[in-house]
Structures are given as C-alpha cells and as structure tokens.
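Q: Annotation comment: Swiss-Prot describes 151-185 as repeat 'PPR 1'. Positions annotated as repeat 'PPR 2' by Swiss-Prot: 186-220. Residues or ranges marked as repeat 'PPR 3' in Swiss-Prot: 221-255. If you look up Swiss-Prot, you'll see 256-290 marked as repeat 'PPR 4'. The repeat 'PPR 5' annotation in Swiss-Prot covers 291-325. What Swiss-Prot records for 326-360 is repeat 'PPR 6'. As annotated by Swiss-Prot, repeat 'PPR 7' applies to 361-395. What Swiss-Prot records for 396-430 is repeat 'PPR 8'. Residues or ranges marked as repeat 'PPR 9' by Swiss-Prot: 431-465.
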C-alpha cells in the first residue's frame, strides 16, 4: 500500500475498462444465493447495417408517405416467416433447397438475421439438434445465392445457435469457414467462443488458437492479448488470465493500464493478495499511473477484507493526488463491507457519499438495501427503499428482488406479492430471479396455492415459460 503514495496525478480513464467497476457487476449476479442463471437474460445484440438504408426515402403512395425502409423491413419479416415455415417441413424425402428456391425471396443480411433469430427463439432441449441443422442448411443455401455474401454478424449469429445447441465442433468448423471466406475473426468472435467453450472445459484450447491466429482483428484493443484478457474476465476465467498474461510477456508484448487492471482484478478474485500488490508495483515501475478502475479494485479488496480504515485512507489519498472518488467507488466500498457484515460502516460511507457531493444512484441504494436484507434488518431496508424513491431513484429489478426476498424471509408474503405487482405496474419487468425467489419461498412456507398463482401469472404473460422446470417441483397443469 505504501507504493500508492508515489502515484502521479494523471488519471487515465479508459472506456474499455468499464467492466472493472465491480459494484456494477453486483447487479449482474444473483442476490442472496438464489440458484438461477444469475437472473439475467443475454439477448443477442446483432446490429443491422446497410449502406443502402442509411437514409429514409419517402415516396407518395395512395396519398400517404410510406417509408421505403419500413416497407423493406416488413417485407423481409414476411419473407422470413415463409422461410421458417418451409424449414419446418424439412424431413427425409423433402427437398429443402428446392423448396427455398421456389419461395423466390430476396436474400439480404436482414433476412438471414430474421430467420436465424426465429430459429433461436424456438430452440429447446428437445429440438436443439434439429435447430442447428436447419440453421446451417439455411445459412449454406443463402451463401450459394448469386450476389449475396454473408456478413460477420451472420456468422456470429449462427455461432450463437451452435453454442446454444452444444455443437462445439461445428462452431470451430464455422470459424475455419469464416477465415477461409476472408473474414477476420474479431473480439466478438472470440467472446462467443470462450463463453461457450469455457463452460465445456475447452477454454485454453480456444485461447491458444486465437493467440496463434494471424487473422484475429483485435481492435480496438492495443494487441490481441488485451482482447483475449478482456473476454476471459467477462466469463470469469481468472486462472486462465494469469496464464495468458505470462504468455504475453514471453511473446514480448508490453502490458498497459488495461492489462494490469484485468490481471489485478483476476488475482483479487482468486484471493492472491500478494500477487495483486506485486502487479501494482510492476505497473508503477513501468511508468503507468493507476486510474479510477485500479483504485476501485483496491477499494473492493480493502472492503471485502474488512479494512474500512485503510479504505478511508485510500479515499483520502485519491483526493490528495487529484483523483476525486465518485459514487462508483463509494458503492464498491459499501458492497464489500456489506458482504463482510459491517452495516454500520456501510451507512457511514453512504452518508459520506452525500457529504462529498455525490448523489447515490440506484446501484448504490440497491447494494445498501441488499446489505440490510442479508443482515436481517428489513425495517432499515424499507426506509432506504422509501428514501430512494423519494429522491427520484427508481428501483430496478435487482432492488425489487432484494425487497421481495426480505419480505419472504420475514414471512410477509402478502407484501412480497404486492411488491411484484407494484414493479410490474411501474414498467419494471420481473426477471426469472424475482419469480423464483417468490415462488420458492412461498413453497417453502407451505403456501403452494399462492406459489402456483404466481407461476400461472408468469406463464399467462409469456415470461420465462422455458424455465418453468427450474421452479421447485412445479408441473404444468
């Protein structure tokens, strides 16, 4: 810690490092140990880009202006629906290729996207093999059409389908095809692979493949290693991060602030405190000043280590060197201290946040509320919940989940159910964690009928129907 005194006042706030704000990561995880997929949905973010559609050209038709772009999209969606209907007829003896040819649809990147997304939406455990085959069959058919060339996004979307189907070898073959067709693999390509293959225990093989790749387009990162490290951190491959870092040094690449932040954070998560501070010293010796994210890692370490005084000293040091702590740093402290059960210290830093002119945001309030709930102090959590709404901070799905869990722990199921309705009326859609928290607690309390009412309501609204089996002993009637 003494080496911190030698830091210069330069603060390099790097946008690419924003994932290192660990208090924000709090709102991406399950709260209170609910066993679910962290309660988060991971919608595929595929953007449609077409230079031909950068502008909208309106024309007069039947006395009304109709957007050419809008008509194109509506026509494409209709074509996609026809394609999906045709693909569903695929079976032995049915010539799918000829049937698709007879549709005479206009092939475009948007059509490919609509069809593949349509397949992805219908994918289930029972039909995953069929979905993978249909997606690839359609993909190949499109690629064979005159004057059409797949985009990198189309490849990534098909990779996503293969990933959901557990077709790891098919994913790797698709990447080979992608490279053969002249497409550079990107950080997005790697991220899709590592997210899937990491779960299958193939992460190191994938990393080695990309390290050796000559077609890996790692921009906007400084070098390929930073792109790889960034993706590994996103899937919590902390041990592999250390290995990649050593490989990077052996290959003669120099780390930068982003590199150090990632490796330090990984070592923090692995509980390797000594190595964390050795890396910090290396960073300073290499002439790099710690940025806001570096300080956030250190604050998180001190907070989870139950060292509020040392954390306070670090905050003061930050001010001395010209780095003004923000709400994110105070939130990190509150989060770490609440996990250590130090609720009084949490309240102190919450008040300190306001004193220094920072406005606690929804994440800060949610961390504080969750701390109170975990500590069995429901009344204080309710007061904090009321305070945040009065100050214009609208509760998010994680805030509501904490409060619902708190009411359930206190046996106040009527209030918990009322809060579920309140969040829906406010336009805050419950995620699966919220439903499972309420349903499982109701069942554990012997309130089976009430639990089934919640599930029934969830199903009627079309929410998470594919995850019903994860709710304890639930059977659809």
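The chain as shown is numbered from 1 upward.
In case you wondered, yes, glycine gets a Cβ from its N, Cα and C as well.
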Q: Which residues of the chain, 6 or more past the ends of the repeat 'PPR 6' (326-360), have a CB below 8 A from one of its CBs?
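A: Non-local partners: 21-24, 26, 292, 295-296, 299-306, 308, 311, 315, 318, 367-368, 370-372, 374-375, 377, 388, 391, 393.
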Q: Using DSSP, tally how many residues of the repeat 'PPR 8' (396-430) sit in helix, strand and coil.
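A: Helix, strand, coil within the repeat 'PPR 8' (396-430): 26 helix, 0 strand, 9 coil.
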Q: I need to check the long-range neighbours of the repeat 'PPR 7' (361-395): which residues 6 or more away from its ends have a CB within less than 8 Å of a CB in the stretch?
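A: 23-24, 26-27, 31-32, 327, 330-331, 334-335, 337-339, 341, 343, 346-347, 350, 353, 402-403, 405-407, 409-410, 412, 423, 426, 428.
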Q: Could you give me three numbers for the repeat 'PPR 2' (186-220), the DSSP helix, strand and coil residue counts?
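A: Split by secondary structure, the repeat 'PPR 2' (186-220) comes out as 23 helix, 3 strand, 9 coil.
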